[in-house]
Amino acid sequence: SIVELGKMIIQETGKSPFPSYTSYGCFCGGGERGPPLDATDRCCLAHSCCYDTLPDCSPKTDRYKYKRENGEIICENSTSCKKRICECDKAMAVCLRKNLNTYNKKYTYYPNFWCKGDIEKC
């Protein structure tokens, strides 16, 4: 769920998801128009694409369990949906950490109408 995703983002990046990522660029927090603005925004596109592979799941509301061992996120076994949601969220949090150097404050609260052009395919 968005609760666990938020915790993972804090643990991996040290940034609060709100406002850092909730309205970042063209893909973080919804909108999904135009090409990603940078590698951070591309992490959000990849996360959206991952969720698209889970049509029978409820990734924003299904709660799941995970733990951290030696600094790594471990998705705990539960239902197939919850495990797959956790893996999508983990991939996003790790991607955001790996791309912290591309994070640009000017893309926070980026107006969605500025996102123009063809949407990048998954």
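Residue 1 is the first one shown; counting continues down the chain.
For all residues, glycine too, the Cβ spot is worked out from N, Cα and C.
Feature annotation (Swiss-Prot): of 1-13, 79-91, 105-117, the stretch labelled region 'Important for membrane-damaging activities in eukaryotes and bacteria' is 105-117. Between Cys43 and the candidates Cys95, Cys122, Swiss-Prot records the disulphide pairing with Cys95. Of the listed cysteines Cys44, Cys49, Swiss-Prot assigns the disulfide bond with Cys28 to Cys44. Helix, strand and coil counts from DSSP across the region 'Important for membrane-damaging activities in eukaryotes and bacteria' (105-117) read 6 helix, 0 strand, 7 coil.
Distance between Cα atoms for Cys28 (disulfide bond) and Cys122 (disulfide bond): 15 Å, as a whole number.
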